[in-house]
Amino acid sequence: MNTVRVTFLLVFVLAVSLGQADKDENRMEMQEKTEQGKSYLDFAENLLLQKLEELVAKLLEEDSEESRNSRQKRCIGEGVPCDENDPRCCSGLVCLKPTLHGIWYKSYYCYKK
């Protein structure tokens, strides 16, 4: 009966000592995994940041295109039909009714002052 107790005690001591080693080993493995996880998170964060920067650049480009397209239209040159309510004749020109008789596509044209 004494040998059974000694054997049991020996097995118990070995199990506890090996269990502690496994616990320390598990702790180290967890630290390594969290460090790897942090590096993966950093990589994912950088990738997301790059995509967001590309998206912002694209949106800013679209805004600048809109501002270019929304500029005032170019002026109308001499002898070109114009609208009497909204004359867009160039400077030095006036939107007037033609002095010549005939059939005209538009009734007003840009002429020099």
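Cβ coordinates come from backbone N, Cα and C, glycine included.
Note that the structure is predicted; figures quoted are calculated from it, not measured.
Of the cysteines Cys75, Cys82, only one is given by Swiss-Prot as the disulfide partner of Cys90: Cys75. Of all the disulfide-bonded residues listed here (Cys75, Cys89, Cys110), Cys110 has the Cα closest to the Cα of Cys95 (disulfide bond). Take the Cα of Cys75 (disulfide bond) and measure to each of the disulfide-bonded residues Cys82, Cys89, Cys110: the nearest one is Cys89.
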